[in-house]
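Taken straight from TrEMBL:
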DOMAIN    32-545  domain 'Major facilitator superfamily (MFS) profile'
TRANSMEM  32-56  transmembrane segment
TRANSMEM  68-86  transmembrane segment
TRANSMEM  98-117  transmembrane segment
TRANSMEM  123-143  transmembrane segment
TRANSMEM  155-177  transmembrane segment
TRANSMEM  189-210  transmembrane segment
TRANSMEM  231-252  transmembrane segment
TRANSMEM  264-281  transmembrane segment
TRANSMEM  301-318  transmembrane segment
TRANSMEM  338-357  transmembrane segment
TRANSMEM  369-389  transmembrane segment
TRANSMEM  395-416  transmembrane segment
Amino acid sequence: METSKQHVEMVEDVQPLPPAPQEQKFPSAPPVIALIAINSMALAQIISVVGSGVLANQTTAYLGDSSKAGWLSMPLTIFTLAFSPLLSQAADYWGRKWIIVTTAVGGLTGSIIISRAQTVNALIAGFCIVGFSFGGQALFYTVVSEIVPRRFRAVAQATLNFTSGIGGIISLLMGGALLKDGDYGKYRIYWYVVAGLFFISIAGVAFCFNPPPRQLESILTTRQKLASLDWIGAGLLTGSLTLLAIALEWSGNPYTWGDADPHIIAPFTIAIVLLMAFGFYEWKVKKDGLLDHRMFHDRNFLICLVTIFTEGMSYFTSNSYYAYEVQVLTDENLFDAGLKYSIVFFSAGFVSVLVAAYTTWTRQLREPLILGFIFLTVFNSLMATVTSHTSSNVFWGYPVICGMGIGVLLTNLTVITQMSTPPEMVSITTGILTATRSLGATVALAVNGAIFNGALTSNVGSKVASAVLPLGYPPDELGVLIPAFLSGDQSAIQSIPDSTPEVLEAAGSAVKSAYAASFRNVWICAASFSAVGLLIACFLRNVKSEFTSTIDAPLVVAPSKYDEEGEKRG
């Protein structure tokens with residue numbers, strides 16, 4: 001017991017040495033090389049994220065069970081939630097580099113498994129392994145911030161967002177081009193490319209990112225490092241959020257809340273209990289754990305967590321449903337639908353550069369964030385007005401607004417969060433921020449899935465019946481007609497018995513109307529949360545005094561004046 005007490009006192013006494021402020025022209029060679037290496041990893045990850053959403057329906061349909069499409073994106077968000085906080089904390093003791101490299105190996109391995117999967121269960125297993133790589137995602141945003149002067153942090157974050165924009169465009173166009181002819185088996189080529197990108201990025205980080213050892217990395221033993229991690233908090237958080245995600249994903253597909261089904265009630269109840277236990281433990285027992293109390297001294301941190309949660313909900317809603325809606329309502333192939341959604345990434349990448357320049361020049365973070373949430377709220381509201389008769393031209397314009405919001409928010413939310421907490425806590429701060437965004441994504445995927453499936457189930461039958469029965473179509477054949485249209489299989493549609501061109505046209509219009517009504521509910525939900533984010537962002541405060549020349553983790557440590565004087569005397 002005495003040894004444990006001495007260890008705790010030792011760790012508390014050992015604080016990272018404050019970095020000496022350095023006036024440095026940006027960029028210098030080592031940070032730029034490191035930025036390129038980290039950005040290559042971000043590129044591989046964003047292509048994984050987009051592929052998990054946009055190609056989900058086609059991939060699961062090819063392997064025989066499209067009802068599990070939502071489970072492809074879910075592991076990526078669950079593993080981010082489960083590992084980001086703990087690995088971000090561990091990075092203060094073992095350094096950033098090898099945690100990033102080790103987790104990325106999961107992305108490489110999982111991509112290979114996905115590319116060779118023969119069943120949906122194997123596919124989901126592959127995504128779970130890819131999800132492990134997202135446990136180190138927060139360290140990308142940590143590293144690019146701490147290796148450059150603080151006044152250039154917005155620029156550093158913009159590089160990641162610009163790279164993400166490029167990755168999003170590549171993934172949409174590549175995925176659409178591969179699958180546009182209906183040969184969904186070509187999804188495998190997509191994941192071969194992802195595996196190759198992970199391999200290249202792993203090599204890039206391993207050889208091009210070489211930071212000096214951190215203070216705690218050098219002086220603590222492995223046992224002391226392990227004892228310093230918040231294992232109990234991480235276990236409670238991981239268990240609660242994983243069970244919560246499972247309960248929400250199962251609600252409406254295949255189980256329902258109305259029946260009080262234990263498949264939903266049991267994991268949901270246990271998740272809430274574990275989440276409450278985590279909150280109590282971090283509040284009263286472990287005050288320097290994953291939710292270190294020092295992070296909450298500035299109100300900005302808590303506000304940023306709420307706002308990044310709402311942004312995560314909005315982004316993953318558009319990632320999962322935008323191209324899907326375009327395909328259904330306009331009868332376009334995946335490539336054309338993906339081309340429209342790629343505008344989000346064009347817009348986000350361009351705007352992230354502009355907002356980085358504005359923020360660096362004015363040192364204002366709050367005002368662009370408010371504007372970003374206005375963009376997101378407007379986008380989601382506009383999408384909620386779309387009907388089956390809406391002109392397809394709007395699908396070229398609306399993504400511009402979405403991209404503008406995301407480009408602003410992802411750049412400045414990370415910067416203001418990091419600048420509102422102690423400099424030595426930048427890693428765990430960013431880890432909590434990333435996990436919270438993934439929590440928003442998890443809730444969005446689950447809630448939207450339940451909303452969408454429930455609305456479609458309740459609308460499609462009545463709308464199709466109202467459209468075709470007056471045309472003399474036999475009521476007992478509706479059980480064949482409706483599934484054929486929902487599957488989108490043209491050969492099945494053309495072989496429907498007792499059908500006429502008029503019946504097929506009426507049924508097709510009715511199905512589109514049912515889909516439009518279902519999509520509308522999803523966008524209303526996203527717009528509501530975006531509006532909450534807008535309101536909360538108004539209470540942020542600017543942190544202009546933090547825009548200094550200090551580099552928190554310089555890759556090349558400048559010699560002190562005493563070293564320089566000694567060299568001169570020598």
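Including glycine, each Cβ sits where the backbone N, Cα and C put it.
Just so you know, TrEMBL annotations never went through curation; they're auto-generated.
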Same chain, outside the transmembrane segment (231-252) by at least 6, Cβ under 8 Å from its Cβ: which residues?
70-71, 74, 77-78, 81-83, 85-86, 263-265, 267-268, 270-275, 277-278, 281-282, 286, 289-291, 439, 442-443, 445-447, 449-451, 453-454
Given a Cβ distance threshold of under 8 angstroms, which distant residues of the chain, six or more beyond its ends, lie next to the transmembrane segment (68-86)?
48-49, 52-53, 56-57, 59-60, 103, 120, 123-124, 127-128, 130-132, 134-138, 229-231, 233-234, 237-238, 241-242, 245, 249, 253, 290, 316, 319-320, 428, 431-432, 434-435, 438-439, 441-442, 445-446, 449
Restricting to the same chain and to residues at least six past its boundaries, which positions have a Cβ under 8 Å from a Cβ of the transmembrane segment (155-177)?
26, 35, 38-39, 42-47, 50-51, 54-55, 140-141, 144-145, 147-148, 187, 190, 193, 323, 333-339, 341-342, 344-346, 348-350, 352-353, 355-357, 360, 403, 407, 410-412, 414-415
